Amino acid sequence: MKVITTKSELRSSLQSSRTDRKRIGFVPTMGYLHEGHISLVKQAKLECDIVVMSIFVNPLQFGPNEDLNRYPRDFERDCELAKKAGVDYLFHPDVSEMYPSQSLTYVRVGQITEKLCGASRPGHFDGVATVVTKLFQIVQPDRAYFGLKDAQQVAVIEQMVLDLDIPVTIVPCEIVRESDGLALSSRNVFLTPEQHQQALILSKSLQMAKDKLASHLFESTDQVSQFVIQQIQTQSLAEIDYVDTLQYPSLESPNSLTDDLLIAVAVRFGSTRLIDNVLVRHNNKEC
Ligand code: AMP
C-alpha cells in the first residue's frame, strides 16, 4: 500500500492504472477506521482492480459549533487496517493541500439536503458535496463506495453525480453493526458504557418499526415516527435531534406506507450525536 499526501502524486500514480484500463474503486472516509469502512473496501476489491481510500477530515462539512477538533484520529492504526484490508493507495492530504486558497466555488444539491441532517446541520451537505466532487476529480474513480449508514449522503451524492454528469458509479453498501446492534461509527469511541447501552434503543426501535410496518400495524408514516420517538424516549440519556419517515431516495413526504421508506434518527447521548436508519423497500426487495 502506498500512502500519498498530494493531489499531483496521486494523479500521476493512478495514470498507469488508467492507461492499462484497470478499474479504479474509491472509498472516501474521515478515518478512525472500523469494520464499516472496511466493508466498503471489501466490496470495492470484489469489483475493481485498484482500490483508493481517502482519509480526510473535511473542515467544510463541520459547522462552527460541531466536533471538527475533537473528531477522533489515529493515522498509524488506520494505515495498518487499510493495508490489511487490501487498499492500494491511501490518500491522506492535509487541509492546505485540499484547500490551498480560499475557495469561491461550492457544490450545493437542492431539496434532498433540506431534511434530516441537512436541517439540523446547515451547510453540512454543501461541504460534503464539494469535497466529494474534488475527490472525484482527483481520483477519477470508475466506482465509489458509500455506506447506507449515511443514507441521506448516498441520496445526495447520487443526485449530484446525475446532475453534474460525473462519470462514476455510486455503490451503496449495507450498514455494519456491532453484535449488539449499534451501528459502527468513529464517534462511538466517545460513548460511556451506559450511553452505549442506552444507544442500543436506536437500532432496536428502528428494527421494531420495520417489523411492524411489514405486519401492517401502522396507519400512517407519522405513526411510524411517533412509535420510534416513544421508544427512544424510554432512555433517560437520549436527546432526540430528529426522527423522520420519508420517501427514499427523494426524501419527500411519503404518499403512502407502500412507498420505499427511510426511517432515520439522530440522537445525542451527552455530547455525542449518533445517526441510524432503516430502509423499507416495497418496490425493490433488496433491503
Ligand atoms: P466517515 O469516515 O464516517 O465519513 O465514513 C466514510 C464512509 O464509511 C461513508 O460512506 C459512511 O457511510 C461509511 N460508513 C460509516 N459507518 C458505516 C457503517 N457502520 N456501515 C457501513 N458504512 C459505514
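Glycine is treated like the rest: Cβ placed from N, Cα and C.
The annotation ATP binding site is assigned in TrEMBL to 30-37, 147-150, VAL176, 184-187. Look at TrEMBL and you will find HIS37 tagged as active site, proton donor. Residues annotated as (R)-pantoate binding site in TrEMBL: GLN61, GLN153. For GLN61, the entry in TrEMBL reads beta-alanine binding site.
Feature annotations (TrEMBL) mapped to structure.
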residue : record                    : Cβ within 10 Å
MET30   : ATP binding site          : 17
LEU33   : ATP binding site          : 24
GLY36   : ATP binding site          : 21
HIS37   : active site, proton donor : 27
GLN61   : (R)-pantoate binding site : 21
LEU148  : ATP binding site          : 22
GLN153  : (R)-pantoate binding site : 24
VAL176  : ATP binding site          : 17
SER186  : ATP binding site          : 19
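Among the binding-site residues MET30, LEU33, GLN61, the residues whose Cβ sits under 6 Å from any atom of ligand 1 are MET30. Cα to Cα, HIS37 (active site, proton donor) and GLN153 ((R)-pantoate binding site) are separated by 15 Å. Following the DSSP three-state reduction, the secondary structure of MET30 (ATP binding site) is coil.
Taking the C-alpha positions, the distance from SER186 (ATP binding site) to GLN153 ((R)-pantoate binding site) comes to 16 Å.
According to DSSP, LEU148 (ATP binding site) is assigned to a helical segment. Here GLN61 ((R)-pantoate binding site) is compared against the binding-site residues MET30, LEU33, GLY36, LEU148, VAL176, and the shortest C-alpha distance is to MET30. Straight-line distance linking the Cα atoms of VAL176 (ATP binding site) and GLN153 ((R)-pantoate binding site), rounded to a whole number, equals 16 Å.
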